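Taken straight from TrEMBL:
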- 92-158: domain 'Purple acid phosphatase Fn3-like' (DOMAIN)
- 263-478: domain 'Calcineurin-like phosphoesterase' (DOMAIN)
- 503-562: domain 'Purple acid phosphatase C-terminal' (DOMAIN)
- 614-679: domain 'Purple acid phosphatase Fn3-like' (DOMAIN)
- 711-814: domain 'Purple acid phosphatase N-terminal' (DOMAIN)
- 826-1041: domain 'Calcineurin-like phosphoesterase' (DOMAIN)
- 1066-1125: domain 'Purple acid phosphatase C-terminal' (DOMAIN)
Amino acid sequence: MKRSPTASSCPLTLCFLSVIDPPLQQILAGGYFSGYRCVKVSHMLGPLRPSFAAPLYSHRTVNGGGGAIGEQPLSKIALHKAVLALRESTSVKAYPSLLGLKGEDMEWVDVELEHTEPSENDWVGVFSPANFNASSCYQESDSEMLSPYICSAPIKMTVTWTSGYNIDEAIPFVEWGLKGHQQGRTPGGTLTFKRNCMCGSPARTVGWRDPGFIHRFFEGIVAKHQVMYIYKLGHILNNGSYIWSKTYSFKSSPFPGQDSLQRVIIFGDMGKAERDGSNEYANYQPGSLNTTDQLVNDLENYDIVFHIGDMPYANGYISQWDQFTSQVEPIASAVPYMVASGNHERDWPGTGSFYDTPDSGGECGVLAETMFYVPAENRAKFWYSTDFGMFHFCIADTEHNWREGSEQFKFIEKCLASADRQKQPWLMFAAHRPLGYSSNDWYAQEGSFEEPMGRDNLQRLWQRYKVDIAFYGHVHSYERSSPIYQNKCVNSETSHYSGTVNGTIHVVAGGGGSHLSAFSPVNTTWSLHKDYDFGFVKLTAFNHSSLLFEYKKSSDGKVYDSFTISRDYRDVLACVHDGSHRIVNGGGDAIGEQPLSKIAIHEAVLALRESASVKAYPSLLGLKGEDIEWVDVELEHPEPSENDWVGVFSPAKFNASSCYQESDSKMQSPYICSAPIKIVARTHTFVLQPKLVAVSNYISFANPKAPLYPRLAQGKAWNEMTVTWTSGYNIDEAIPFVEWGLKGHQQGRTPGGTLTFTRNSMCGSPARTVGWRDPGFLHTGFLKELWPNTRYTYKLGHRLNNGSYIWSKMYSFKSSPFPGQDSLQRVIIFGDMGKAERDGSNEYSNYQPGSLNTTDQLIDDLENFDIVFHIGDLVYANGYISQWDQFTSQVEPIASAVPYMVASGNHERDWPGTGSFYDTKDSGGECGVLAETMFYVPAENRAKFWYSTDYGMFHFCIADTEHDWREGSEQYKFIEKCLASADRQKQPWLIFAGHRVLGYSSDKWYGMEGSFEEPMGRESLQKLWQKYKVDIAFYGHVHNYERSCPVYQSTCVNSEMSHYSGTINGTIHVVAGGGGSHLSAFSPVNTTWSLFKDFDFGFIKLTAFNHSSLLFEYKKSSDGKVYDSFTISRDYRDVLACVRDGCEATTLAS
């Protein structure tokens, strides 16, 4: 038995009970007793007041918990229904009956049982108080509590440092001093709390137990560091006598920066357990005693402990705190026992906790804040900093808001910034919930691999201030990441790290004792070591340059994972990158390989034969103004081979010596400039020294400079349409214009502007070297003051200097509806289409196998949609300029008839050192120049490719994911302004789109990086989507189709799947990147928010019938049929309705 300090006159009793009927179930399995007979009652034991605790129900947190973990079988033993069946022949005896005669805090009690008719269902329970009465149970309205439960159920006993003495009975103090020297005394403060301090049930009802009094002693300034002190607790009673505890000892902390051996223990989620094997409330911490015992046995070999949340799992059953403090007393009495707040200490709805769950059982932080001291400015806000020699610790409170702009965020930055790294080189961050990285199965299913919104704001602080290691609990297992920043491993080492601090190591150490948490089946790229077992972490700082990390199992105390860090102060000062390098698009390793570019024609061997020939006809194309014509090719060869091939070369008279050269280790002369632009071959195994067997006649167009490939786009005003086209005419040769007007009426003319770019406009190779091709000239005309929903005709013209005209063929388009106009409006959305050859020949960047299917489906259905959004990765030219002509030719039937709106993708924009957010070479040196020139978008600055546009009842906000979108950036301000500017009465359908997945995606690569989004994607933006009630957010980049539920903060907020009506309480996220490029695999994790996935090529169609009805359809490119759909029906009042984080401020003023 363990002593409880709160009672001197409340004895306990034991009851021997037997089953009446079969309803009695196994107590250890979590069942309950509905009928039993009390066979024998023991004598009373005293003076003791054993305590008990456990929740009657539990709510899941994101820690991998099982379904029935919160069930409390002992609480459901309804003693008020007991049947008395006392027998002379049956007895239960406990001895000794008086405990603690020598000041012991714990003593074993022997129990003797005798029963003439024993049964497997018999049991013995410990009850306290001994003279209990169910009628005295405190009642409160709670549908999940059935009277009387705990207050008349058997319990187990605990001990605590608290006392039963109030300040009016005795004065508390500590007597302490250097070991072997005269001792001094320091008075202690006294605290307690009452039932009414609890926030809800069970803490204020069936779980309540008087906690006694908690005393706080401040032992003042110790003059010497790392010196052994002794102390004991005392109370001066009113009669002048003393009550003493036994004597304890501790070693004082080292001076900040002191160079000495310093050892730290870190773990979370330990809980408590019974040493006698009996059941108890909240009995689901099977590893608790192992962890405790390992630490007790090794007490001489560490200096401070951090228990980072979820301490006793009392969950509202107050006496369990006594049991926990009794269990950790050998540790906490000898070394500083620092704690953090967890969900089982703090969370309760409507009390200011960040998570609105009842996990604390109504304690709402009161117990943790009172039972343990932390050096916080306000202990109701459980964040604090503390120094221990060469360590600086910043302890966060994950149960309060940590996001940017919050009070805690400011504290965290201040704490990290305050570390003097010359004195305290080892900077540690710790918190209960994983705000960094975790492969926990629950997190994976929620698609985050972190606490939702966890690392979004904090990771840039960790990086900026060079945090060495971040520790977390909550997930009941062990895991260590590589040094990581923005989901990217920044150091390939696994066991020794030296030099610059270029990323933070994230460690989950939540295996202190509570039930274990399963890992996700996804092997995340950043996870280096996992252990599904109980354990703890030990840090050893040998000096300012050397740190040892060890993970030890609780079962045997042996080391199962370790690493070392070695570095100097200059390594902490060194500059590191505050950006992300790698893209996440599910691409394969060899996708960028250009096999045709490696046909070295300059090394060809002449082997011309009279008997071999290749002929192409017709040789003159475009005689009737055609832009595209088929060419027939005839081959003759007396000795055919599987390795023969036919290639198309342009220009016809090429010379390898004219190839532009630039220093690039990856480029070998002469490559593209003398290679075929397309080939037909039986195999794709190309020899480095080809034999030239035959050469065809020349082929050309009648007017190679003629205007080509018109691309329509919305202008900056709703009644403006722009037309962009390509020609060979510079402004000094001919004046470009558009002749246009209402169909069947007189036509007018609008001049066109002319742009081009040179090789030096490109940012790198291949675009400025072997991939360069003169693009001709790009012209744009602005057709203004259009009538809404009206058919116009147009054609492209050039007036030559001699007064003659060059014309394109005639085209037509229908102007946009008036903003808010109630008419049928249809939108197509997709990303990542690329281009392909219709004749089956190979070409550069030939990895968009679905491209033609998507194109052809849209061409065939051209009469049934009004506008297209191609959201990034348009061509996949990757620096091979001529591919843009091929793409604009392919989409010309669409882009010449309806507005073809585009977004910027990584294959258009990204290049190191050019201002792109991602420092990759995905654009092949184009760095956005081609996309910004070849297509018009109504952006204020087309080098910043974000813009808004209206189409009738739709309002579109198009983001540029290749520029910074995070809070505080220029683009973030634009996005908020764009979303806020939507007049939802006129334009009820608010759509957000960007290339990379800033929302949710089950892509395999995202899963392996543990984000299920573009790293840092939704962190800043989701509050804007929620605040302004965005209906649907669209993305490309991932080459498949996926639709989420309406979701906010990784949680589905609507259970419907095919029809949504009423209030907008979350945004639907759609990946539509299956336009044509190679498909991207899905993660094996079935994320909770994902409703529909398709590993195929396809596109989206939105149909707004009116202001209240929207139809969403996903169609496959292979057949144009609908494979997924839903509808939205709502009124304007539904848009105005208040939702979580989407409400305007209100006032009580009249």
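From the backbone N, Cα and C atoms, a Cβ is placed for every residue, glycine too.
When Cβ distances are compared across the two stretches, the domain 'Calcineurin-like phosphoesterase' (263-478) makes no contact with the domain 'Purple acid phosphatase N-terminal' (711-814), since fewer than 3 pairs at least 6 residues apart fall below 8 angstroms. Across the domain 'Purple acid phosphatase C-terminal' (503-562), DSSP classifies residues as 0 helix, 31 strand, 29 coil. Here the domain 'Purple acid phosphatase C-terminal' (1066-1125) sits against the domain 'Purple acid phosphatase C-terminal' (503-562); at least 3 CB pairs are under 8 Å, leaving out pairs fewer than 6 apart in sequence. On the 0 to 100 pLDDT scale, the domain 'Calcineurin-like phosphoesterase' (263-478) averages 92 in this prediction.
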